[in-house]
Amino acid sequence: MKPLNITSQAKSKRSDKSWYILSAGLIISVTVIFILDLQFFASTNFIRNTLNGKMLEVLSAADNFTNRFIDTMKHKLIIIDSDIPDSASEQHVTDRFSNHGNCTWPPLNLQGRTPLNRTDIPIEKLDKKYTFMADGHYKPKNCTAYQKIAIVVPYRDRQLQLRIFLNNVIPRIHRQQLEFGIYIVEQTAGSLFNRGMLSNIGFVQAMKDMAYDCVVIHDLDILPEDDRNFYICGDNPIHMATKVEKFKYRVPYHSFAGGISTFSRKQYEDINGFPNQFFGWGGEDDELFARIKRSNYKMTRPFDAHGHCGSVQHSGQRTGNDRMKMLQISRKIWKQDGLTDLEYNLVEKRRKQLYVWVYADINMAKVREKLKKLNSPSRK
Ligand code: BGN
């Protein structure tokens with residue numbers, strides 16, 4: 001039994017030794033990996049920012065990184081079909097009509113989702129902050145933009161909201177490296193507010209200035225919170241206001257087309273723009289959705305996580321009492337009511353630094369006079 005003991009002792013000594021070597025090797029490799037990792041994270045600002053307590057910023061940057069390369073590269077949009085409620089199918093959009101520029105796409109300095117800046121900054125200070133804008137227009141200096149965008153905002157008497165709008169939208173669309181013009185289309189006092197007609201006026205006035213690829217009809221009080229919700233056009237109209245703060249970060253109903261929507265020139269002309277006959281709050285966006293469908297387009301929405309929009313409070317507009325009736329009539333007359341029969345009086349068009357101010361007079365009595373003719377029994 002003795003020799004056997006000696007051998008087993010020797011064996012156990014040997015295995016002790018190899019155990020030490022193995023452990024030492026393991027510790028050394030872990031240390032090396034740790035140091036390399038440290039260098040890697042340090043190089044991506046991870047450690048520096050965590051130590052500074054900037055964890056949130058880093059997380060959003062990481063989120064930005066992943067989503068920029070995965071989602072926006074795919075241009076993932078969702079088709080909305082009102083006939084089948086809640087059946088959203090996904091579509092990969094190609095931009096057949098657009099003149100592709102040579103600016104990096106998607107842009108490199110996007111910030112992902114960031115809260116709105118609600119500070120009221122005087123217009124003179126905004127002018128100084130956004131010196132890259134002139135005559136309500138911006139064009140990237142060293143490259144050609146992916147698309148040229150006209151932002152059209154129906155407006156009346158909301159100066160505070162206008163300043164907040166400018167201070168949020170300008171830097172966001174600037175980071176998106178697009179060429180853009182901002183058109184604030186104000187309705188003179190008198191007739192009830194007509195969002196549809198002001199949108200049509202903005203479209204016409206913008207296209208007079210230059211051949212924009214894309215027009216964005218934008219409410220003053222609904223503002224994107226996410227750079228990845230691009231102000232661009234695709235094969236189909238894009239509805240951008242998909243998770244709106246005032247609707248608990250949802251859409252109020254599946255076919256909601258209000259807030260912010262984008263159209264190529266052709267799309268807007270094909271649907272004959274907005275109806276002109278909706279005076280007062282409500283309904284014109286429902287008719288817009290119907291026009292998109294009637295013209296065989298499909299309304300699309302950005303990838304879910306990118307559609308957050310903040311809302312800026314204001315007192316409401318007077319409701320349009322006959323909007324239900326108008327929705328009925330519009331079904332029959334939509335091809336004659338819109339861009340094709342647009343009549344207004346352009347009181348002023350002034351190029352300010354941050355936007356083009358279009359001041360237009362709409363004569364409600366005259367517009368409604370046309371409705372009588374369009375809707376007369378002899379035309380049915
Ligand atoms: C709807 C309005 C829309 C408005 C949304 C969200 C009408 C038409 C008669 C039913 N539609 O009710 O215009 O954008 O609410 O506020 O009023």
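Cβ coordinates are placed from backbone N, Cα and C, and glycine is handled just like the others.
A TrEMBL annotation is a machine prediction, not a hand-curated record.
Feature list (source: TrEMBL):
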type: TRANSMEM; residues: 20-42; note: transmembrane segment
type: DOMAIN; residues: 104-233; note: domain 'Galactosyltransferase N-terminal'
type: DOMAIN; residues: 239-314; note: domain 'Galactosyltransferase C-terminal'
The domain 'Galactosyltransferase N-terminal' (104-233): DSSP-derived helix, strand, coil residue counts: 39 helix, 30 strand, 61 coil
Return the average pLDDT for the domain 'Galactosyltransferase C-terminal' (239-314) as a whole number. 93
